[in-house]
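Down below is the structure, laid out as structure tokens.
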Amino acid sequence: MALRRLLIAAALAAAAPPAAAFYLPGLAPVNFCEPGKEKPECQSGIELFVNRLDSVESVLPYEYTAFDFCQAEGKKRPSENLGQVLFGERIEPSPYRFTFNKEETCKPVCTKTYDTKKPEDKQKLDFLKKSMLLNYQHHWIVDNMPVTWCYDVEDGQRFCNPGFPIGCYITEDGRPKDACVINSEFHEKDTFYIFNHVDIKIYYHVVENEALGARLVAAKLEPKSYKHTHPENPDCSGVPMDISNKANGEVKIAYTYSVTFHEEKNIRWASRWDYILESMPHTHIQWFSIMNSLVIVLFLSGMVAMIMLRTLHKDIARYNQMDSTEDAQEEFGWKLVHGDIFRPPRKGMLLSVFLGSGTQILIMTFVTLFFACLGFLSPANRGALMTCAVVLWVLLGTPAGYVAARFYKSFGGEKWKTNVLLTSFLCPGIVFADFFIMNLILWGEGSSAAIPFGTLVAILALWFCISVPLTFIGAYFGFKKNAIEHPVRTNQIPRQIPEQSFYTKPLPGIIMGGILPFGCIFIQLFFILNSIWSHQMYYMFGFLFLVFIILVITCSEATILLCYFHLCAEDYHWQWRSFLTSGFTAVYFLIYAIHYFFSKLQITGTASTILYFGYTMIMVLIFFLFTGTIGFFACFWFVTKIYSVVKVD
């Protein structure tokens, strides 16, 4: 129970901005008061911001201005951080403005008129129809909180969606798609219904010290559709706003809103995100995932402990008791290969470069998740997670260069310049090239996720001007140090490896080695993929941090176990095999991502499919380097340890 309480606390710490005693920069509460009672610390105007629109049926998000909705004239856009730009978030001011505690009913915002005979108008209307067909969702923000659309789902649960659809479509055979099921009046075949009216409810909590005013704790809305017969003086009643797929002539869409204010005594400002996060599905599955992972870890730990304590202890005692030369002739098992165990591997340059990049990713992931657990990277702090990860990756060039140089030197390599350049450019270059190609596709499609040219230049500047010099500094210190001292000498003539059985051959061992680490993470992987592709909030960083620790332990133990079996079979090529054994987890990740694409997502269109697999390949490469590095370090420690306690002539 203590573990459970600790994890829930960590998850909620990451989910909600901290309580009144401690506010993160930019996340301090804003106080609101009624008109005429304004003070410097208390304002009456409430601004509504709009974010990019996205869909679960397409990977391409579009900014609000790409659609022909009501625009805010002459208002300045809030600035975005690096993480928001990379994720394609484009927050803009909206024409919807409220005054605290002043209720409005059916207030007109603007009216859009389309003449289908004009190509420009027809194009705008077709884009609107296409976005309704693909179920594109608005994302609105009030006081840094998502405006949610709450509705009942199965099992009496209530789900609060931080977005709401533009509209919906009734198919040619009369079947309602997506949100059209909410209203029985949506029944015309081959017709689109646009949600041109919203009923907004804003909930506030009066601060104990009433002089400060009130704080907003929730904003909910209900999308509705009305065919306003008098757009200048709408009454929000009558039939829904339908747009026939074959509509000709003039189409008028009037946008309106109503807003009401409600006092909420039970919700504090610090816990105002809880109602959204609690409605998110499947916390109990997370517990199943953790238990499942812990069982695998206990099983592996038991196996490793048995080998370490019983078999190895027995082996070492027996080897060290062999004093007579006759006994020494009968050496067997892993002691036989002591003269070859530290023989440099083939392609040592590439392995050392992978280890350098893997170390960079490993430290970056650990620090990012640690900060996320403390609540610094909560959903309220938009784009913070990605910004933190990118900045850390740039600053961690030094350990990458150092590790790559140290191991390359211990493998007997002398081309240090090539080593440093490859560490700086090989893996980051592959990721950037993939990223750039994906960006070209997004540019071509006019999506808001396309990164502006200026940001691309900024990323390149971070890489070339900060990361690369830091990698060179790390490599300088790595090459300056003496090579890693091994506990046993390497023979001049390599030993012949005997014929291996099927199970001790490299490929079966590598394939088996990735199964157990993947078994620990696959449930968590489902939630992470959901948050990326199905636009759900991810906030369970407490769970994720625990799964990360379990993954590190599982990769280490699985690799050590298989490494021991191979050494007993007198096969001393452990370096690449240890890297690939745990790195093969990434192949299972790729297979799962393909399964997820076909079974869980409804993505349509060539561009979206290419983007999905393009971004997935970046994740797979990062995961391969990360898990492979864990496996190599675990095996390196194990081999150094066991050969340092054996007496060798």
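Glycine is treated like the rest: Cβ placed from N, Cα and C.
Nobody curates TrEMBL annotations by hand; they come from automatic prediction.
If you check TrEMBL, you get these features:
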type     : residues : note
SIGNAL   : 1-21     : signal peptide
TRANSMEM : 287-309  : transmembrane segment
TRANSMEM : 350-377  : transmembrane segment
TRANSMEM : 383-408  : transmembrane segment
TRANSMEM : 420-443  : transmembrane segment
TRANSMEM : 449-479  : transmembrane segment
TRANSMEM : 510-533  : transmembrane segment
TRANSMEM : 539-567  : transmembrane segment
TRANSMEM : 579-598  : transmembrane segment
TRANSMEM : 610-639  : transmembrane segment
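By the Cβ criterion (under 8 Å, sequence separation of 6 or more), the transmembrane segment (287-309) is not in contact with the transmembrane segment (449-479), since fewer than 3 such pairs are found.
As a quick check, the transmembrane segment (350-377) and the transmembrane segment (510-533) miss the bar of 3 or more Cβ pairs under 8 A, pairs 6 or more apart, so the two do not touch.
Fewer than three CB pairs closer than 8 A are found between the transmembrane segment (449-479) and the transmembrane segment (510-533), and contact between the two stretches is not assigned (pairs 6 or more residues apart). Listed by sequence, the residues of this chain that lie at least six past the ends of the transmembrane segment (610-639) yet keep a Cβ under 8 A from its Cβ atoms are 59-60, 341-342, 351, 354-355, 357-359, 361-362, 365, 427, 430-431, 434-435, 437-438, 441-442, 513-514, 517, 532-533, 551-552, 555-560, 563-564, 567, 574-575, 578-583, 585-587, 589-590, 593, 597, 601, 603.
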